[in-house]
Amino acid sequence: MKESITRYQFLSLVILFEFGSSIIVGLGFEAKQNAWIVILLSMIGGVLLYWLFTRFVTAYPDTPFPQVLQKLAGPYLGYILIWMYIAYFLYIAARVLRDFTMLTAQTILHETPLLAVSLLFMFVVCFACYLGIEVIARTSELFLPFALLMGGLFLMFVFIMDLPKVHHLQPFFNQDIGEILSFVFPTGITFPFGELIVFAIIFPHLEHPLKSFRYGVMGILISGTILLIISVTILMVLGPAIAMRSVVPLLDTISLVNLQGFIQRMDPIVIIIMVITGFFKITIFFYAAIAMLQYLFRLPRTQSKGLIGFMGILVVILSILISPNFVEHIKEGLDIVPLYVHVPFQMIIPSILFVLLLIKNRKNTA
């Protein structure tokens, strides 16, 4: 029996997924005062990319993404593409796992080895993937209101204390359009908006797969707007120079909250929210890889314990070996991965597949 998720569950998955690593590193800070322009343009680009991703579910509403790859690229090239996307999803899952294990190890679990944190985190992810996408979606439905409430309280306390300074956003438009666009592409569009390519695995599980574009765009606009507000608030509090140099600018901002000595030290609450959003991002990437492996090996979910456990250990090992330290890991994720990893899997391959889809449709109507 096919697992099914509601439109609200899908929307909550998209929003929590988009928050993911974005609330750790922030968005657009390289553009300083023009960060808000970068985020807005990246959102527009993200919607266009998402439209491209949904063309495949429009053509094949109830067909799994691996099967779509083989239908469009042929059985042999499609088989290679399936393995390439499995590697891509596992690699990004490992990168996001490293984001959050390093964050927790450096902030609230100082004496705990990185391997132990990674194994614990990945055990929960593996268990969620074994339970299936319905359980993952229902869990997101429960956690989204909590994450939004905590985010709202964070903003309220920051503004009550009058921490934001508008002059930190001035002067406006102090960079030429070419420089601003260089921050939009490839980094701004591909991270986090272009990463929604992973939802191609989830589209067939929607109650109404043909409405995936509408629900996804709502998720992009809601999450993008919230990320925009958070980024602008961080800029107004820390200033562009500090925000750009900070490893985790949101934590640096929240650490300044001290309301009459009564409300302070909110860092652990923010870290918990980060871990929740990170859990959903890792889980969705890992689930997508497992779903494609299950398709290849014709394994039902109930018989995939060994596969899930083995791939979980592989992701843990990869997350530890991926970079020597947190600073270099973040730098790679913002400077190298978008152009050389994200662009091929989010833009080039889907664009080629879309052209193949148009050719196939034209032949069928001829």
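Backbone N, Cα and C define each Cβ position, glycine as well.
Where the annotation comes from TrEMBL, it is an automatic prediction and has not been curated.
Per TrEMBL, the features are:
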TRANSMEM  10-29  transmembrane segment
TRANSMEM  35-53  transmembrane segment
TRANSMEM  74-94  transmembrane segment
TRANSMEM  114-133  transmembrane segment
TRANSMEM  142-160  transmembrane segment
TRANSMEM  180-203  transmembrane segment
TRANSMEM  215-243  transmembrane segment
TRANSMEM  269-295  transmembrane segment
TRANSMEM  307-327  transmembrane segment
TRANSMEM  339-359  transmembrane segment
Check: Between the transmembrane segment (10-29) and the transmembrane segment (142-160), are there at least three Cβ pairs closer than 8 Å, leaving out pairs fewer than 6 positions apart?
Finding: yes
Counting Cβ pairs closer than 8 Å to the transmembrane segment (114-133), the top stretch among 74-94, 142-160, 215-243, 269-295, 339-359 is 269-295
Under 8 Å Cβ-Cβ from the transmembrane segment (269-295), and at least six residues away from its ends along the same chain, one finds 13, 16-17, 19-21, 23-24, 64-67, 82, 85-86, 89-90, 92-93, 96-97, 99-100, 103-104, 107-108, 121-122, 124-126, 128-129, 133, 136, 140, 143, 146-147, 150-151, 154, 198-199, 201-202, 250-251, 254, 301, 304, 307-308, 311-312, 315
Near the transmembrane segment (74-94) in space but 6 or more residues beyond its ends, with Cβ under 8 Å, are 65-66, 195, 198, 282, 285-286, 288-289, 292-293, 295-296, 311, 314-316, 318-319, 322, 341, 345, 349
Counting only residues at least 6 beyond its ends, the same-chain positions whose CB falls under 8 A of a CB in the transmembrane segment (180-203) are 5, 10, 13-14, 17-18, 20-22, 27-28, 30-31, 34, 37-39, 41-43, 45-47, 49-50, 53-54, 56-57, 64-65, 68, 89, 92, 133, 209, 212, 216, 220, 224, 284-285, 287-288, 291-292, 333-335, 337-339, 342-343, 345-347, 350
With the cut-off at Cβ under 8 Å and a gap of six or more residues from its ends, the chain residues touching the transmembrane segment (142-160) are 12, 15-16, 19, 226, 229-230, 233, 237, 253-254, 256-257, 259, 263, 266, 269-270, 273, 276-277, 280
